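J.: Sharing a structure here in structure tokens format.
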Amino acid sequence: MIQTLKTDSSFRLCFAAIAFGFVFIMNGKLSSGTTPHEFPVYIFYLGERKHDDPNLVTQSHLEILKSVLGSEEATNKSMVYSYHHGFSGFAAKLKPAEAEKLKKHPEVIILLENRKLGLQTTRTWDYLGQFSTPTSSKSLLHETNMGSGAIIGVIDSGIWSESGSFDDDGYGPIPKHWKGQCVSADQFSPADCNKKLIGAKYYIDGLNADLETSINSTTEYLSPRDHNGHGTQVSSTAAGSFVSNMTLLGLSSGSIMRGGAPKAHIAMYKACWDVEGGMCSVADVWKAFDEAIHDGVDVLSVSVGGSALKTLDVEIDIAIPALHAVNKGIPVVSPAGNEGSRSSSVINVSPWILTVAATTLDRSFSTLITLENNKTYLGQSLYTGPEISFTDVICTGDHSNVDQITKGKVIMHFSMGPVRPLTPDVVQKNGGIGLIYVRNPGDSRVECPVNFPCIYLDMEVGSELYTYIQTRSSMKIKISPYKTIIGESVASKVAKSSARGPSSFSPAILKPDIAAPGLTLLTPRIPTDEDTREFVYSGTSMATPVIAGIVALLKISHPNWSPAVIKSALVTTAMKTDPYGERLTVDGGNYKVADAFDYGGGLVNLEKATDPGLVYDMDINDYTHYLCSQTLYTDKKVSALTGNVNNKCPSSSSSILDLNVPSITIPDLKGTVNVTRTVTNVGRVKSVYKPVIEAPFGFNVVVSPKKLKFNKTRNKLAFTVTVSPGSHRVNTAFYFGSLTWSDKVHNVTIPISLRTRFIDNFFL
């Protein structure tokens, strides 16, 4: 029998819980013990190192700090970190007035506050065409010997070295260029490393300096060992070794789990700690960058980020150390963020960072709900227990007396957000035997225990089921254990949680860059996990190591490619469809076709990326052009950043629209605009490319010249794209198109995003 708490308004009550849920989580976020310290940590960035000797660099930092604090004792007590390997800077505990005074020192380029950042599989590689068997057919994976010789640096929450994903059976010697080490600390020693895990360090001073109560060994491992689990999953996704017969209580039983570059080496830099689900101090993350650059990593996977930016990211977070890594040939891969489908929520927007959006896989863990008339509804669940025979259902939105109504029943609960006031634990505690969540499509992360029937229905299906049940005086449902559905019938989508472009502070730079699978990835579980729910991870932080693994393969295949060339190869060969040819859509209530602000160039196509034909390259001059365009950098600051007195900001006539990124985005088109790009031929020496234009709706797009002819002496050519508003005479939303250069073998495609802005400060 269907029951309700309020017979005349139960459906409204189901939705009423939404407001309470948001207020509760916003007001209850911070826990005791994480109160900021009275002397905040500030980061002072000084640019490129002026000395090769790190000791001399550190001494110069102490002298700068002493110029404000006066005594050597106060200086040593204040210093948290000296960044002296990959770049020059330091972190120090100071009073705000002292920090402001030090900001005026002539060697200080930028002063940053020490923000707190958050931590943002089996089927993944089959889905992308890299089949998960050690003996499968020829591919990029095998041409690169599965990434052997590459070192992937991971800045995250640590690593559980005993996992089978980090077994070194069959590995060759550690690369000669490696200069890192495995430190000895709390329940971790150099013996925990091997030829797979070749480096492991940790950084906590920045976070502890900002907390009233320091993190201690009762709640965390004060070592590279992973207590949170996130770092272990990220590492295994990027470069995990082959693990046969991987299973999660029957889920994907018999699968082979591996990372993107299964024979690549891993170096873990633990800078994130198990506080409030995962907290990373910017000061600690910078130190991890500093040492990773020095140690000799080939790729950096950094699955961290803050909330949507209220300022340029070159003033906060990871952009500056990432620039130094990229300038030294190390690609930096980071997430777009998990703040959902709202516009301008993307993070890590600097053009030198490879920013990753998340998509779903062609896999669904599905459970059947059967009515007494045999009508069925399909929901998502990881429930592996026995079938629940026909039983009563109750719909509730106000669970104040849930203890009186749930016993022996299945609860149907409507929710429109990721935070739910009614949890499986509460239902179980009060005798309920199942829970059906009805919520908007896209909240696909599976967060329920596998031993309790906890099923997700989207709002449309849930409303249909609710309406159907309400018309019956007596209705029961049956719940079946999950079944895995794989293949073309499961549509691939951009995850609802994946943050969207454009960046509100640099809208002319398209972000995110690329998309990769990031939802419901099956990864290793560390023994400290309380249950099996953490085995299944989702988010852009899981999509990030997918791309990092692919980048490692490309570095082995093309050792001379710059980070910008690698990004270009990924973006220009990406797919606008899933591997089955269906257009990618957006996971969420609007069901729209995905566009460049959802996925950048599209879904990664790693086999095409190894032979892109043409590439859009960039170097430090392009990146300083970007910095200068934001009016943050003077000639003096640019010279300090690059370590070259001859490097200066470009002339005032140079437009940010001409930055050689593999995209064209014009956020404020008022008339005709010319945009230039330069492409480098990395394909057949003698080749001819012709343009194919898909103009955004209502805009005119013309390309000149009409052909690009490459030969031995001409492997780099420029072209101009002329854009005009066409039929548009009002402020528009963004419209999307593309430009493809084709030689009938390669199709080198960049996205075009255009918006008119005839009236300033006018909101549509």
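Glycine too: its Cβ is placed from the backbone N, Cα and C atoms.
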J.: According to Swiss-Prot, one residue among Asn245, Asn348 carries the annotation N-linked glycosylation site; which one is it?
T.: Asn245
J.: Given the active-site residues Asp156, His230, Ser541, state which is nearest to Asn711 (N-linked glycosylation site) when distance is taken between Cα atoms.
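T.: Nearest in space to Asn711 (N-linked glycosylation site), counting only the active-site residues, is Ser541.
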J.: Reported as an integer number of Å, what is the Cα distance between Asn216 (N-linked glycosylation site) and Asp156 (active site, charge relay system)?
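T.: That comes out at 18 Å between the alpha carbons.
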J.: Give me the DSSP three-state residue breakdown of the domain 'Inhibitor I9' (41-116), ordered helix, strand, coil.
T.: 31 helix, 23 strand, 22 coil
J.: Can you tell me how far the Cα of Asn374 (N-linked glycosylation site) sits from the Cα of Asp156 (active site, charge relay system), in Å?
T.: 48
J.: According to DSSP, collapsed to three classes, what secondary structure does Asp156 (active site, charge relay system) have?
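T.: The residue in question, Asp156 (active site, charge relay system), is strand (DSSP, three-state).
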J.: Based on Cα distances to Asn76 (N-linked glycosylation site), point out the closest of the active-site residues Asp156, His230, Ser541.
T.: Asp156
J.: Roughly how many Å separate the Cα of Ser541 (active site, charge relay system) from that of His230 (active site, charge relay system), to the nearest whole number?
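T.: About 9 Å separates the two Cα atoms.
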J.: Once near-sequence residues are set aside, which residues in the chain of Asn747 (N-linked glycosylation site), 6 or more away, have Cβ atoms under 8 Å from its Cβ?
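T.: Listed in sequence order, they are Thr573, Gly613, Val692, Thr740, Trp741.
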